[in-house]
Amino acid sequence: MNFKYSFIFLFFIQLAIRYNNAKITVDTICKGGKLIQMSNHYECKCPSGYALKTENTCEPIVKCDKLENINKVCGEYSICINQGNFGLEKAFVCMCTNGYMLSQNICKPTRCYNYECNAGKCILDSINPNNPVCSCDIGKILQNGKCTGTGETKCLLKCKAAEECKLTGKHYECVSKPQAPGTGSETPSNSSFMNGMSIISIIALLVIYVIVM
């Protein structure tokens, strides 16, 4: 009886964690990645060599070929597992995490299997996670549930003072503002060299002044 209640408790804990992770908002902090915006949703984008383990956490991608890489990220929403019989035989496989399945070589939410959006991607409805919906590429908008319309989407990302929101490919992201010509600071080595030359010039002028006087 205790085991039964423990199992139910763990099940709801996992469900709560998953539901919480699925809510990526404009205030979400992406661990190891950066927040991007499409037309209807936000998501975390990982740098090269990293992939999403959960909706807001990027981890290094490993090659699924040895025991120490078990349960580590081997692709987007996928982890390395050992399918060997009771550990006696090694059969390392990169498999989609719970709630995702392989579709066109990408781990997508199970509810999004074979759900086409045209110029966009399938995501789960933030209000009803059982419903697949389309989030369009920037420049496209929903039309009859698909990303077939043309329209503008305003960037709502909260970029830092030294950043600006920029359309990168098919999404918005915060990037560093370009420096105006001539406003960039000198490198430390150049600055030190120039300071040294200034001091030498001043000393030389003083010596010449003393000799002349």
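Here the Cβ of each residue, glycine as well, is placed from N, Cα and C on the backbone.
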Tell me which of C122, C147 Swiss-Prot records as disulfide-bonded to C136. C147
Disulfide-bonded cysteine for C74 as listed in Swiss-Prot, from C94, C96: C94
Consult Swiss-Prot and report which candidate among C96, C117, C122 shares a disulfide bond with C112. C122
Say you check the Cα of C80 (disulfide bond) against those of the disulfide-bonded residues C112, C117, C147; which is nearest? C112
Give me the DSSP three-state residue breakdown of the domain 'EGF-like 4' (151-175), ordered helix, strand, coil. 0 helix, 11 strand, 14 coil
Below 8 Å Cβ to Cβ and six or more residues apart, same chain only. Which residues does that give for C94 (disulfide bond)? C64, C74, G75, S78, I79, C80
